[in-house]
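Undergrad: Structure provided below as structure tokens; questions to follow.
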Amino acid sequence: MYTLYDKLWNQHLVHTESNDADSMALLYIDRHLVHEVTSPQAFESLKLAGRKPWRVNSILAVADHNVPTTGRNQGINDPVSRLQVDTLDENCEELGITEFKMHDVRQGIVHVIGPEQGATLPGMTVVCGDSHTSTHGAFGCLAFGIGTSEVEHVLATQCLLAKKSKTMRILVEGELGLGVTAKDIALAVIGRIGTAGGTGYAIEFAGSAIQSLSMEGRMTLCNMAIEAGARAGMVAVDDTTIEYIQGRPFAPQGNLWEQAVAYWRTLHSDADAVFDKSIILNAAEIRPQVTWGTSPEMVTTIDGCVPDPANVADQVKRHDMEQALKYMGLQPNTPIQAITLDKIFIGSCTNSRIEDLRAAAAVIRDRHIAPTIKLALVVPGSGLVKQQAEKEGLDKIFVAAGFEWREPGCSMCLAMNDDRLSRGERCASTSNRNFEGRQGPGGRTHLVSPAMAAAAAVEGHFVDVSKFGTS
Amino acid sequence: MEKFQTFTGVVAPLDRANVDTDAIIPKQFLKSIKRTGFGQNLFDEWRYLDHGEPGMDVSQRQLNPEFVLNLPRYKSARILLARDNFGCGSSREHAPWALQDYGFKVIVAPSFADIFFNNCFKIGLLPIVLEGKFLDQLFREVNQTEGYALTVNLQDQMLIKPTGEHISFTVDTFRKHCLLNGLDDIGLTLQHAEKIKAYEKKRRVQQPWLFV
């Protein structure tokens, strides 16, 4: 009668003031991931209060937001970025925290390296000062983003004050069509329920289409749960989960492995579990998605057109649409396939894993980016993803097609390093947010899957990737 | 954290939904390793006509005369009126830090994004959820009356209009207690240190692979 979320919640409950569902609870945190942007103030306050981390080996740190994706041998040029990365290095050294530094091959985006190392395991509570921590829920864990004060709280107490969320199940049944990926499911869900549709909920993704997804696909989906407003997204544990984890550096081995797997097998919602809300999608009806506005809910399909605000009755909504179209430089009723692009970005914690790179490479193999594309970037999610891709020769495919092959990091998803859009530039991006200024001030972002971004690079405008004959 | 006391403050209306944390404080300012000084770059891309970078002297920058917070009547605003899903996007606590550093003490909206909502309480900024019909009315009154101010009484969970009319709001009991008394969450949690240790001990036995 329990949902997966209930099981994870109950398992980590240290203390509650009352049994009232609305009361604050103290939740134990198993894994604390740390990056350079949201941690310095937490470490500083911790030290000022004379406190120490409660359990140092629950923490794994990496710098990802500020790191350059080219010329790493010269270090970080921007002194402000450099100070932030140096501060993380110093804090980790001083406190004995495991950190993958910039020149370590294991360095990468925090939400890529956690699972890659087996540091994210089923049944864990995973937190990080980053909203895309929801990614890790793909492993049947309770994972969510926290603010800097909470980072300090977890450092000091190994716990978090939290209120139980409501539960939502999103069932996606059936088979995905050619060229349709986890990213398209995520955007279709957000298009359906809106960016605030999941506020106050923990979302469990289930159904045959979800079970058929690889771990990479499940991570993409859970990653975007926050864009639907839900702090946590999750998928039940199955053979795919367990096979992915086996043999990874931080994963248990021997007897402990057997013991862990036996427990992990229980991490699914019971057949008679009741959810506060249920949504059902037919996988076969999902088409490749493209966002047209400045919020992930402003999304349509590759066959669609930019909507017309004149058809919207709600005044606030209409006003927001008008503002979005003005910012995006788009006219109502423009076919999505008529939108031409300046830049292409394949990367981010949403879509920078090996499977994403394979999907994009399959589209651009023996092709070239359109002459109108000023820059096409591939930024692998980690040094190990990069290494694997190079082993498979994907880097050569990208470079031959006119892409730049970069070092791992968050890069142009949020443009904290030098990778960014100039004012008015339009980008097909595999990242997660199309907010105003997200990829650079005045930059215009369209969110798509890696295969769709690759297809757009080849044609110079959006195009239905299924025409390329690869999935 | 400072104790939250009853105060009366000018209200500024930000009439758009889904105001995200990238808009509240753009990413280039997140490179700071401090908690303070973000107020001058609050809503930077809307507030200024030129592009802002850390370390710039904001007094030399060109203000956007159309942006609501730049209108003289809202200069001293301490309460921000907003629309649905305020604070969506990233978990950056820099967003509430910037709002607080600018001078805001209260944000009133029909709904907030979860992480942002939570972060506000941690620093003593009060997010108040108000039903759409009350909010629409407030937007109208603020637009009509220059210098429109509300009194915020957290103890009694009341917003008091200039006419004396009261609007009550709900707030979590524990969070209210922390705000009113300026309490530090960590200190409160550490009162349960023995419970945390006992939980950990049990967990080491049940799920030993987590402690390797």
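Including glycine, each Cβ sits where the backbone N, Cα and C put it.
Just lifted these from TrEMBL, have a look:
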- A:C349, A:C410, A:C413: [4Fe-4S] cluster binding site (BINDING)
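I'd like to know what surrounds each of these features in this structure.
TA: Residue environment of A:C413 ([4Fe-4S] cluster binding site) contains 28 other Cβ atoms, counted within 10 Å of its Cβ in all protein chains.
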Undergrad: Which ones in the same chain are close to A:C410 ([4Fe-4S] cluster binding site), with CB under 8 Å and 6+ residues apart in sequence?
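TA: In sequence order, A:D64, A:H65, A:V67, A:I109, A:G347, A:S348, A:C349, A:M416, A:N417 meet the Cβ cut-off.
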Undergrad: Give me the sequence-ordered set of same-chain residues, not including A:C349, A:C410, A:C413, with a C-beta within 8 angstroms of the centroid of the [4Fe-4S] cluster site's C-beta atoms.
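TA: Those within range, site residues removed, are A:D64, A:H65, A:I109, A:H111, A:H132, A:G347, A:S348, A:T350, A:S352, A:G409, A:S411, A:L414, A:S431, A:N432.
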